[in-house]
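Trainee: Take a look at what Swiss-Prot says about it:
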- His695: active site, proton donor (ACT_SITE)
- Arg16, Glu17, Leu18, Lys19, Lys112, Arg516, Cys517, Trp562, Glu606: 5-methyltetrahydropteroyltri-L-glutamate binding site (BINDING)
- Ile432, Gly433, Ser434, Glu485, Asp600: L-methionine binding site (BINDING)
- Ile432, Gly433, Ser434, Glu485, Asp600: L-homocysteine binding site (BINDING)
- His642, Cys644, Glu666, Cys727: Zn(2+) binding site (BINDING)
Amino acid sequence: MTTSHILGFPRVGAKRELKFAQERYWRKELAEQDLLDLAKALREKNWKHQAAANADFVAVGDFTFYDHILDLQVATGAIPARFGFDSQNLTLDQYFQLARGNKDQFAIEMTKWFDTNYHYLVPEFQKSTAFKANPAHYVNQIREAKALGLNFKPVIVGPLTFLWLGKEKGEAFNRFDLLNQLVPVYVEILNALVAEGAEWIQIDEPALALDLPAEWVEAYKSVYAELSKVNAKLLLATYFGSVAEHAELLKALPVAGLHLDLVRAPEQLAAFEDYSKVLSAGVIEGRNIWRANLNKVLDVLEPLKAKLGERLWIAPSCSLLHTPFDLEVEVQLKEKNTALYSWLSFTLQKVEELNVLKQALNNGRASVQAALDASQAAADARATSKEIHRPEVAERLANLPKGADQRKSPFAERIVKQNAWLNLPLLPTTNIGSFPQTTEIRHARASFKKGELSLADYEAAMKKEIEYVVRRQEELDLDVLVHGEAERNDMVEYFGELLDGFAFTKFGWVQSYGSRCVKPPVIYGDVIRPEPMTVRWSQYAQSLTNRVMKGMLTGPVTILQWSFVRNDIPRSTVCKQIGVALSDEVLDLEAAGIKVIQIDEPAIREGLPLKRADWDAYLQWAGEAFRLSSMGVQDDTQIHTHMCYSEFNDILPAIAALDADVITIETSRSDMELLTAFADFKYPNDIGPGVYDIHSPRVPTATEVEHLLRKALNVIPKERLWVNPDCGLKTRGWTETIDQLKVMVDVTKKLRAELA
């Protein structure tokens, strides 16, 4: 019989119960025990959903209060020493302080989990790091699953991926040298799981899909030789890309099974068809929301079943934490666009799709004929739908003039024209875009959407907030202002709602980091901007002040990356469609007198393919799409872009090729680490490295901000340096926001006086 299993499940709950409970706990409105009880109830629901879908194992250990890599730092005793916490006796408050910072320490750095929109907390390894096992996180969840009578499979990220994802801190050394100390701690953790009755243990090694150095690849042999001594069957799970180049190594490892992502990299199956152990085929897309064509999947699985017999397992391609919880609650979408609804599949539907595949493999296709027919009908309808393809979009892309994505003049000429009218001081200060979104603002937006607030009352509320934001910025003496984005629920969703070719869910939330969830748009068809989207708000804000007002757009690559994207045409084509649509908005802003326009691209690096060999092609089309979004603007219009959550030292030439007049970047959490690259690569345009971390409510000291600014001045000419926070301030409160910005402006004025 074919075995089915799940690699991981969404953590936040069907209705984001965990998010709201966490935030109440942080505000001291919820007792710790109540938070723990809610989390336990969520885990039970998750496991019961998996069991109801006939999964042979439920995944345990994947649930987390913030991040599974943070949990692993605790489990291995690798929490940053600078906090002074004892990993063996860590309180829940201390756990959250690691993630969010406290009055004495900034939060652990956060970055993207491979090429997804999930963020993990980056382990800080030091030469003196002393690992110590604390398996309580996993053991406690196993005990809960056992108490429910469930067959379970613990899930833990493997030691090589864990080390690879971290960074060296302090005295120079190579974190790879810590491996021999780390492996015995893993053995101790795994033994604790075995003692609780674990027969199979899933060890995730997604780093194998990267371009790992030879010594790291070779280390898999010795590491798994040690781990395999544990009295359990190990399932080595890979995902997000092909591991075919490591096929001989993986087939020789002393593990009981191997999981392959056959959605992202179906071609790799050929390299493993002679695998002699359990082969887990990841055939249901774990990162997107499109319904599978189950007949096509079975065309792949049935020959595999004939070869492998009971050694064939089936699963989603990766953890389902990247997909929304349940399509069935999307009643409005079903009523509004029945066809699109029939093409979608969320977490609960995906585990049921897996169940259909399992029944078909075990009992024949006829046993699930109705489900297969429904799947086929949806696939056929989508392939021929006229809702998806709009000829005028393809025609416009095909007929773009040569050089459409290039500015009229080089930066050196543009900046002279821009400076002539901007007349800004040295080290100009600005905000990245959003200001705090109060309960009142969110309520007004929600009431308007529900039809409970008239358009006139809604616009009055937004204008009142915009004026408040403008006045606060004037009081702080910021140089280039923003309107604050009160009208925007999300930087991608807002634009998607105003562009044709996008659809929206009501409950399609996925975790971004900690309690932060996002509701990605669904790009299902060709993209067009039917009318202006932001012009009236920026125009109104500009009418309130004599200072420069910055227009705010989200760039094409970020809209693409932070959406669930159609999979029937290349992503590059979708991205260029969005870029061209945005260019209409940019020209309308320019015509309305908004001559500083920011086109945010925080997600440009996360779109990089995992293999470097594929980078150039991606960077070429991503850069073209970005430049297309401002095609046709005049030289004296200043185009800004913003990037966050990223490391771009290795793609600086591509970032420079975007040719934005000003780039602002997130750097404070990594102590301006990005700027070390500027010693070799002289970024040609203006740059604003973030001088404080907006992910924490902590107000930075003047000394800290000055330290970062002086580091920046060491590598960036003062004439080209801007001063700004790391990112937008949407998630912060007003009190801390004012205090944080005041420190930033005061320090800037001090340095201006020095440099004058």
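Cβ coordinates come from backbone N, Cα and C, glycine included.
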Trainee: Of all the recorded positions given, Arg16, Lys112, His642, His695, which has the fewest Cβ neighbours within 10 Å once its own Cβ is left out?
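Mentor: Among the recorded positions Arg16, Lys112, His642, His695, the lowest count of other Cβ atoms within 10 Å belongs to Arg16.
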Trainee: Using all protein chains shown, find which of the binding-site residues Leu18, Ile432, Cys517, Cys644 scores highest when you count other CB atoms within 10 A of its CB.
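Mentor: It comes out as Ile432.
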Trainee: Test of understanding: give the count of other CB atoms lying within 10 angstroms of the CB of Glu666 (Zn(2+) binding site).
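Mentor: Glu666 (Zn(2+) binding site): 27 neighbouring Cβ atoms within 10 Å.
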Trainee: Cα of Asp600 (L-methionine binding site) to Cα of Glu606 (5-methyltetrahydropteroyltri-L-glutamate binding site): how many Å, rounded?
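Mentor: Here the two Cα atoms lie 14 Å apart.
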Trainee: Considering Cα atoms only, can you say which of Leu18, Ser434, Glu485, Cys517 is the nearest neighbour of Glu666 (Zn(2+) binding site) among these binding-site residues?
Mentor: Ser434
Trainee: Say you check the Cα of Cys727 (Zn(2+) binding site) against those of the binding-site residues Arg16, Leu18, Ile432, Glu485; which is nearest?
Mentor: Ile432
Trainee: CA-CA, which of the recorded positions Gly433, Glu485, Cys644, His695 lies nearest Lys112 (5-methyltetrahydropteroyltri-L-glutamate binding site)?
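Mentor: Checking each of Gly433, Glu485, Cys644, His695 against Lys112 (5-methyltetrahydropteroyltri-L-glutamate binding site), the shortest Cα distance is to Cys644.
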Trainee: For Ser434 (L-methionine binding site), which residues in the same chain are close in space, meaning a Cβ under 8 Å from its Cβ, but six or more apart along the sequence?
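Mentor: Expected: Val482, Gly484, Glu485, Arg488, Met491, Gly728, Leu729, Lys730.
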Trainee: Record lists Arg16, Glu17, Leu18, Lys19, Lys112, Arg516, Cys517, Trp562, Glu606 as binding 5-methyltetrahydropteroyltri-L-glutamate; longest Cα-Cα distance in Å?
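Mentor: 28 Å is the greatest Cα spacing among the residues binding 5-methyltetrahydropteroyltri-L-glutamate.
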Trainee: List the binding-site residues among Arg16, Leu18, Cys517, Cys644 whose C-alpha is within 10 Å of the C-alpha of Gly433 (L-methionine binding site), in sequence order, or say none.
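Mentor: Within 10 Å Cα-Cα: none.
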Trainee: Using DSSP reduced to three states, classify Leu18 (5-methyltetrahydropteroyltri-L-glutamate binding site) as helix, strand or coil.
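Mentor: It is helical.
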